[in-house]
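Noted in Swiss-Prot for the protein shown:
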TRANSIT   1-99  transit peptide
REPEAT    194-228  repeat 'PPR 1'
REPEAT    230-262  repeat 'PPR 2'
REPEAT    263-293  repeat 'PPR 3'
REPEAT    297-331  repeat 'PPR 4'
REPEAT    332-366  repeat 'PPR 5'
REPEAT    367-401  repeat 'PPR 6'
REPEAT    402-436  repeat 'PPR 7'
REPEAT    437-471  repeat 'PPR 8'
REPEAT    472-506  repeat 'PPR 9'
REPEAT    507-541  repeat 'PPR 10'
């Protein structure tokens, strides 16, 4: 029996070092010595060699490419059957066939580690049935605009902080019902919110950018003596993510007001939040203003480095790196990995390879994360042979590959439609004791969606449930979208129903996918109901084809629907959407008037 491609590639480990060295030499666009210089410095009383970067060289544009994408191989029929055998499970529809007892050792995966997936788990002793009962009341009565609070009063709940946190977690994408429940609980006799429940509500307000309410809640916590460092961190990250630099810095003043110490960890948190929001320049300005008031540590320089790398400013990144060394700090593996990612993000692939080579020869030795960064980039560029060489080199170095590395390879081979190789990788993951995680499952679901194979995505989902891996909101959104794209509207709605049944709160993307699918199906009235639900919950107005959506009601001569939507949008602060709906209402009224005159 012929060996699978993955096994064939894995057996070539004896020649890995030679091939890797050859690849490094052949791909050089200029000498590594010119790019990275070493000089002897005394660090911490020891004479050691430090890697320094020539910032001027980063300004050059390197046109040569180190990648040689291979021709895609058509998907063999046997590969589909192989995956089907391993993933054959019941779909969302109750009328589907029974679960198959195929190979349990096969699972699926993905390599998208920049994406937020997953639902945070809350450790608690609360009865899940009680949480479900409360959430059902909130969901149903809020949607009907009924007196939710009165019904909650009648339930005679034994309120606990665990219960409040779990209910808020379920409504973390729907700030209005979450906040109403939070306020109702605050008024119950014998119950008082704690720092934990306040911070849960703060997180929801921060995520939905309800900054005025968020600050009011923060100040209320201050008057009750319930503020924690987590509270300030939530607020700082929220303002930074919204690119509100001045307001983010203003949190320092609130910390002073409530007698909280502003130390290096707090400043690092703010600098990191600004950097992640691609405000590297603003983070640098803030650091320059504050650097005389505190002692920067390794993390301080690393978050500044990351901020510049995220905006692809390698000249400033090199300056921070060298400044770190000048202040007696030796860049650790985290800093090296940040620089590796920065070089790859800035399309300096050959330079990243050189830095990786220097790390191997002079330290710090690459860790699993270092190899994952390199392998992920090779996979994105379809350079799978090189990705395998790096994987083999990692194993030869004594490092144990984790699920993230396998996920990158699975995504790379899956994109090339080499599902037989994907199968072997999944099998090896199980054999090596690194079972697929949630991101791994999401990766293969994404591959199936991209290849317009939603049924396979459903099988993967069922395998995920079978292996007790909790699906994320992203999991459902991908499968639902793939069905709507395939015009299988019944299954698209079935995915939505499954998500609600699982107790997962739909986010903005979930509603957008569903509303677009319903409009495409010609069910604009049903889409209108979900749009109203979004507005009532205080969620963002979805990016949909409003003209197509409105045209159905316009033809039917129903201006009152637009007027109702305009009113709801305006009440929710969605003024742009309100204006669109109001304009369509006027157009529809004029059309109705013309018809009446003609009759």
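Note: Cβ is positioned from N, Cα and C throughout, glycine not excepted.
Ranked by number of Cβ pairs under 8 Å to the repeat 'PPR 10' (507-541), the listed stretches 194-228, 230-262, 332-366, 437-471 are led by 194-228. Sequence-distant contacts of the repeat 'PPR 2' (230-262) (same chain, at least 6 residues past either end, Cβ-Cβ under 8 Å): 195, 198-199, 202-203, 205-207, 209, 211, 214-215, 218, 221-222, 269-270, 273-274, 276-277, 279, 282, 286, 294. DSSP places the residues of the repeat 'PPR 9' (472-506) in helix, strand and coil in these numbers: 26 helix, 0 strand, 9 coil.
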